[in-house]
Amino acid sequence: KLQGHWSDFSEMFEDICNEDQYPYESRTGSFNQNSLTLCFHQNSVPLFFFPDVSWKVKANDRAYHQLPEFQKKVFLCFKKSRYSGNAIKTYKYNVLTFIPLNLFEQFKRAANLYFLALLILQVIPEISTLPWYTTLIPLVVVLGVTAIKDLVDDLARHRMDKEINNRKSEVLLNGRFQEAKWRDIQVGDVVRLKKNDFVPADILLLSSSNPNSLCYVETAELDGETNLKFKMGLRVTDERLQEERQLAEFDALIDCEEPNNRLDKFTGTMLWRRERYPLDLDNMLLRGCKVRNTEECHGLVIFAGADTKIMRNGGKTRFKRTKIDKLMNYMVYTIFVLLVLVAAGLAIGHTFWWEQIGSKAWYLFDGKDQDASYRGFLSFWGYLIVLNTMVPISLYVSVEIIRLGQSKFINWDLQMYFAEKDTPAKARTTTLNEQLGQIEYIFSDKTGTLTQNVMQFKKCTIAGRSYGNDRPPHHWNQYADRKFQFTDHALVSCVRSRKDKDAVEFFKLLSLCHTVMVEHKDGELVYQAASPDEGALVTAARNFGYVFLSRTQDSITIREADQEATYEMLALLDFNSDRKRMSIILRCPDGRVRLYCKGADTVIYERLSPNSRHKETTQAALDVFANETLRTLCLCYKDISDAEYNAWSRKHKEAQVTMVDRDAALDRVYEQIENNLMLIGATAIEDKLQDGVPETIAKLAKADIKIWVLTGDKKETAENIGYSCSLLTDDMQIHYGEDVNEKLRTRQENRRNEPLTQRPGRKKTAEPFFTTPGKNALIITGGWLNEILYEKKKKRRRLRLHRLGKRQIPSSPQDGQPMNDWEKEMRQIDFVDMACECEAVICCRVTPKQKANVVSLVKKYKKAVTLSIGDGANDVNMIKTADIGVGISGQEGMQAVMSSDYAFAQFRYLQRLLLVHGRWSYIRMCKFLRFFFFKNFAFTLVHFWYSFFSGYSSQVAYEDWFITLYNLFYSSLPVLLVGLLDQDVNDKLSLKFPKLYLPGQQGSLFNYKNFFISLFHGIFVSLIIFFIPYGAFLQTMGQDGEAPSDYQSFAVVTASSLIFTVNLQISLDTSYWTFVNCFAVLGSIAIYFGIMFDIHSAGIHVIFTSQFTFTGVASNALRQPYLWLTIILTVGISLLPVICIQFLHKTIWPSVGDKVQRNRRKYELELEEEERKRAPAFQRGRRSRRSAYAFSHSRGYADLIASGRSIRRRPPTRGGPQDSIREVPQTEAENI
């Protein structure tokens, strides 16, 4: 109604905010032509609120979303709707863009561009010294192979997108539900979902077949967790939108936040029939969730396709390249510079030579009227072509073949195959294998990655006596869960006899004090718990004969031994992260009022009665449980008189209806009743780790790899898992967010007090944050992370000032905020430095975006190679940000796997991936590159020495066909097999000695130092290969009286010497000999001689006269013993220095690998002995005690239970509009 009258409305807004005639205590608001925020208060109660929203969704009205006001500019005058369609696109190419885009990407690689430039030069006749096809064919092959690989990868993405986009769902169109593909769903559509359906978009839950619109969803695709979460529709939509006709008439307008990546937050309002209802995350079903235990539900599409939260969390697909790739690019630039300098020097030499000798020699006259400078210019380009083999194009083909082979070895590794779920390891990329041997930091998710997310009731203590040693039979209990594995005969006997009242109360408490929902399914009891912890406790009570059967909003029914008992529920005091406990007040069948409470030992012991017994023995038992890294809860009770309960109940009801700070008011009331408690005992639950996690982490730590855990779970849970998996140990000093913030603030103040001249740039040697000796660990929450890195406060402040139209005032040193971008950057550097000083870092309660930001900080400021590992959609951004992403497969959630570079089923396989495959891949690639550069320098630089004797005329020293085939047949196979198969030690020794991994982290096997060593080695060998035959050919006479000292015979001798030298040199560098390696070395030499005799034969010369000009040279030269002696001498002198240097290195300065190799047999025998004596289980222990409590990660179902909404029957008929209905905000759902 206000469109076109903005000026009138702005005046009205200011009148409302300023006039005294409106009796409101406070008015806050801001406005512009796009959004409005307005809130008035009266008697401290918000009267009405228009949130700052600009995303509008109209139900059942597709045309509404195409209105001009919802259009956005795409390019020039072209516009499209700001609402995304529901089709997703993860592929890079289509039919039209594949060739241009792929070629553009490939020519960003320096070597490809370099060879393209050479090809252009070779087409010019005046400077071409080699035929143009010698470069074109290899270039086309390289581009083609890479393009085919990229095409196959992209086709897989196309297939995945097509499969998802073509999934079917029921959509309300033209008044009835019709089957439609996901890609055709649009914002504003009403969809119907059935049991086990995936949610196609982010939808607002309207109604469901369950009572009161309750809908259970599984979020394995989002976060890897398989325990069910519940969602709930608004009461008004649940009661009015059940029939197809009612849904077709639904015309509500939704105002909500813009699309974002916050999985734990949603705010909006629904305007329907002149009433406005609040919306939050409880009402939303997110794309990627799966509907469970709900036969049917209806929802309204709010965000579709790329706007959904799961897609927003996906992050940008980044093109990942290894450090060696980047180094190779720089080395190509270096070689090109060397090439230009050498070619320029030889061109200058040709200029002077032509002036002084060439122009005066009548026999060199070529009929061209060209001066010396021009001839020198042409010679420069000629030498660029002749010497281009210093970086042969076959290098890149060979690298791709080696990487492909290494990827296959990972796929074929049976020791990384998880038979239980038939899941092999999978290398989903072929370009990052050697980077696996250089990892310095691992960022791991917790739930589903380190743990199985399976809670097991392990031990307990009742009235000072501990239980949990052997496995009892549960055949006496028909309700027992057969998967339950708690072990203790004594406790079973005690419970069955019912003589021990403490044991009876213990299990009665577990069966009554909880927020678990129950379903009767096919004669079986199925529990739906807000967290696996609660499910484990109720299951434990069930297996000991105290079976939770059903509940209503005011009663709980359990089976005690053989009889049912119903308890009246008077109040349910739910858990939250501040209280760390939950309580229930019940009226027992005998009329007594009793409070049962369970919670963390730290809060329970403060509230125990002085008369409570077994405090010390229970404390000792808690120490033992904590020592075994079990999650503990203390159980207690209190008998309450009717008068005391009635007085407290009045206060409780008052607190329940207060509108101001209700949670704090309830907590104060809860405190008044939760005191003078009597201790019963404690439970110990194991959050079951995946097999081999502690051993894997310990092994990786020995390899100097630092592991950071980034999780959305609460701090206590993450800390417990840290101890369980040996990431945290007794001797570590743990620092929390408060300490970290204080240390960083102190460092910042010290920096501000420094003279300005010292500020710019970073100090070379920063002082350590932890000066005391010993190990340190960091545990920090997402909130503290934002505080420390200045993320949230600064952003909110900037947005608030922007809305009010004010300029941001620069921060002062006193407000703790950064004064400029430099100071913010220094703060980030300080945080990264402090974290990297620690042995372990755990970040808890972090969002997917924060996970990615932490990875980015380490990559940015430490220049370290990072690996991220996770199993859920909340890990996708982190996986894409890290240098290498690993997805845990075998779970139902496959989002992480689809975005990863490597995938396998268990965390323990990570040690084999890095310490075996990664290390081998790195060593092989480094050895391959060092040798490849060497053999090409040795090959190419012979032309350089020859130029001094050929007038610098760009004449080649070898036959043309030898130049063409050298890298293709004569020297490629042995070095290729070293790159594929070589290993310094076997896989078992690689795992036994993690220190062997260190050279990869240090990059010591391939760097500029190694490059220049290869260069000088190549220069030395090329000198020997040229000058020894040259000296031997001076004044030589053959056996038949003819001189073999012609150019062609010289070319054959130098080429033969080179082939022998190169192939024997790779033999010296081979650590792991197989039949294939032996065959490759001897075969390459045999192929050389076979092809050479063929192309030097008279027959081929007759057919191709101009192409094959070395007729009979090989047979003539190689029948001279003198030349064979020359070849032997040349090869011997080339190899002798290398043999001496290797001997000295391995004898005097052996590396860790050399020492292991030398004693390999001894270590292998030790390993065999260890395997025979290996202990069956891994033992863990702690000396000191810590608080370790198990509980739901967020609030349970208490409010839902108390409201009765989930168990009240639906009215048989649907009445007409009920104008009096108001939606009351419901409980927080389980945060995703």
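Glycine too: its Cβ is placed from the backbone N, Cα and C atoms.
As annotated by TrEMBL, active site, 4-aspartylphosphate intermediate applies to ASP445. Sequence annotations record features per position, and here TrEMBL assigns ATP binding site to ASP445, LYS446, THR447, GLU534, PHE575, LYS598, ARG631, THR711, GLY712, ASP713, ARG845, LYS851, ASN874, ASP875. What TrEMBL records for 58-136 is domain 'P-type ATPase N-terminal'. The domain 'P-type ATPase A' feature in TrEMBL is assigned to 165-229. For 747-768, 1202-1232, the entry in TrEMBL reads region 'Disordered'. Residues annotated as transmembrane segment in TrEMBL: 130-152, 330-354, 374-399, 928-949, 961-981, 1011-1035, 1047-1066, 1078-1102, 1122-1144.
Cβ-based crowding with a 10 Å cutoff singles out ARG631 as the top-ranked of the binding-site residues ARG631, ARG845. Across the fold, the C-alpha of ARG631 (ATP binding site) and the C-alpha of ASP445 (active site, 4-aspartylphosphate intermediate) stand 19 Å from each other.
If you count C-beta pairs under 8 angstroms between the transmembrane segment (1047-1066) and each of 130-152, 374-399, 1011-1035, 1122-1144, the highest count goes to 1122-1144. Contact between the transmembrane segment (961-981) and the transmembrane segment (1122-1144) is absent: fewer than three CB pairs lie under 8 Å, with pairs separated by 6 or more positions in sequence. Along the domain 'P-type ATPase N-terminal' (58-136), the predicted structure has mean pLDDT 81.
Contacts between the transmembrane segment (928-949) and the transmembrane segment (330-354): present, as 3 or more C-beta pairs lie under 8 angstroms, all at sequence separation of six or more. For the binding-site residues THR447, ASN874, counting C-beta atoms within 10 A of each C-beta gives the highest total at ASN874. Looking at the residue listed as 'active site, 4-aspartylphosphate intermediate' and ARG845 (ATP binding site), their Cα atoms lie 11 Å from each other. Counting residues 6+ beyond its ends, the transmembrane segment (330-354) has Cβ neighbours under 8 Å at 110-111, 114, 372-373, 375-377, 379-381, 383-384, 387-388, 390-391, 933, 944, 947-948, 951-954, 1008, 1011 in the same chain. Secondary structure of the domain 'P-type ATPase A' (165-229) per DSSP (helix as H, G, I; strand as E, B; remaining residues coil): 11 helix, 31 strand, 23 coil.
All protein chains shown were included, and the count of other CB atoms within 10 Å of the CB of PHE575 (ATP binding site) stands at 24. Beyond the transmembrane segment (1122-1144), the same-chain residues lying 6 or more positions past its ends with a Cβ under 8 Å from any Cβ of the stretch are 1017, 1020-1021, 1024-1025, 1028-1029, 1032, 1036, 1038-1039, 1044, 1049, 1053, 1056-1057, 1060-1061, 1064-1065, 1068. Other C-beta atoms found within 10 angstroms of the C-beta of GLY712 (ATP binding site) number 27, with every protein chain shown included. A Cβ distance under 8 Å defines the sequence-distant neighbours of the transmembrane segment (1011-1035), meaning residues of its chain 6+ beyond its ends; these are 331, 334, 930-931, 933-942, 944-946, 949, 957, 1044-1045, 1049-1050, 1053-1054, 1057-1058, 1061, 1122-1123, 1126, 1129-1130, 1133-1134, 1137-1138. The full span of the recorded ATP binding residues, ASP445, LYS446, THR447, GLU534, PHE575, LYS598, ARG631, THR711, GLY712, ASP713, ARG845, LYS851, ASN874, ASP875, taken as their largest Cα to Cα distance, is 33 Å.
Taking DSSP states H, G and I as helix and E and B as strand, the domain 'P-type ATPase N-terminal' (58-136) has 34 helix, 10 strand, 35 coil.
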